[in-house]
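Noted in TrEMBL for the protein shown:
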TRANSMEM  326-344  transmembrane segment
TRANSMEM  351-372  transmembrane segment
TRANSMEM  378-400  transmembrane segment
TRANSMEM  407-424  transmembrane segment
TRANSMEM  430-448  transmembrane segment
Amino acid sequence: MRQSALAKALLVLLLWALLCIPLGSIERLVEERGASQAQAEEELGRTYSGAQTLAGPLLMLPPVSDGGAPARATVLFPQALQVEGDMQPQERYRGLFRVNFYRLEARLTARFRLDDAALAGGAAMKPGEAPLLVLAMADLRGIEDIQAAKLDGQPLDFRPGRAGLAGCTDLQNLQATLPADAVQRLRNGEAVDFAMTLRLAGQKRLGVVPAAQKTEVHLRSPWPHPSFGGRFLPVERQVGAHGFDARWRISSLASAARGQWQARLQNPVASASAAGATACAAGDTACLAATAGTAAPCLSAGIDQLDVELMAPVDIYAMSLRAAKYGAFLVGMVLMAVALFELLQRLRLHPIQYALVGLSIALFFLLLLALSEKLPFGLAYLVAAGASVLLLGLYFGGALGSWRRGWGLGGFVALLYGALFGLLSSQNNALLLGAVLAFGMLSAVMLATRRLDWYALSAGAASSPPVPPAA
């Protein structure tokens, strides 16, 4: 006996619920692949270089009077700091997972003057210790070269600094002994200038702590997809297919970085650090941990900084996950369309045929994930959607007994895939487009069945012979 319309609807609903199981498995697989991508980034960060943050330079002058015990150093932040940098993007792989890196070539210039803004409360130093210039950064392993480092026209010789010297446990540092005549000029109230060229490798993100009274940063890169973050956006920026060019101008009146760093510099460090002479090799985390004392974290505590990140143009795992979240909706729409077509055309389809159609839609998302790891996301989506539409068009043509009917339903599926791609491509309008799509689908169903007598359809179904499929 032929099933009633209500029984058919309940059967389709049950099949839809069962098909949500493989859809959920595919969604979890996408999340696992995304976690593997994050793990690849973390592993490359451990073996090569992580995201970089530049802080400083600053000067540390030992106390003049000799009281016998270590006293607090005089710390000078720059009056002015300029950073001119070019970021050349690079790609590195861990298996099939691609991670963005960059090589920065930057010119740093700064001016120092001993004035009332100098902080008497830096690292513990003994009278007679060598005065230091300190440059802090997130990961010393990224340093490729330092050229033309000079203070007051005299060359500086950088070496890894003792941990906690700059007051931050999550910043490593370089230190250089200041020339004696430069120190004397500072104590006489004169200004001294610092300059250096730094070549630095980092992973995706570059940050700068604006601790000078006036900080100017100018960064350029051929990477066309930057993401500007931190506490300060560029005052000037140009972003296009050939890359980006961005400028920041930050005053100490607008940034709390100077005060935040001062608070950390005033924290005491371990006596081993106070004794001086403890230098850690770049990347020697055991040494850094052993000599860090009670200095406070800076980056994890949210010290003010500006940053730019070389974003991937398309996060394939985020896009695939967003697509998979619409899987239940797409499967439901296709099953509903097939059920209505069956009822209106007085056809007869087996539940297994419904299940096969639903599985083909579910496998589209798996195919999309697999292809997007090898192809650009847009091309992967086109290939996966094209294969799915072709398969369903051929299947519908045979199952419904008419190629015209089959390709009509195939065109409907293609329309759904196109609408889904529109949702994925317009994240800011995704909610609006999704609501319009759902309303449009419901409106189409209501208008198509507005004159349908469901009771008569169910009652007459038993006497209506099914249309056999085409040979």
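Count begins at 1; order follows the chain as displayed.
The backbone N, Cα and C atoms fix where each Cβ goes, and this holds for glycine too.
What TrEMBL says about a protein is an automatic prediction, not a curated fact.
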Recorded stretch, among 326-344, 351-372, 378-400, 430-448, maximising Cβ pairs under 8 Å relative to the transmembrane segment (407-424): 378-400
Leading stretch by Cβ pairs under 8 Å, where the reference is the transmembrane segment (430-448) and the options are 326-344, 351-372, 378-400: 326-344
Chain residues in Cβ proximity to the transmembrane segment (351-372) (below 8 Å; excluding those fewer than six residues from its ends, i.e. six or more beyond): 11-12, 15-16, 18-19, 22-23, 26, 29-30, 33, 316, 319-320, 323-324, 327, 330-331, 334-335, 338-339, 379-381, 383-385, 387-388, 391-392, 395, 399, 413, 417
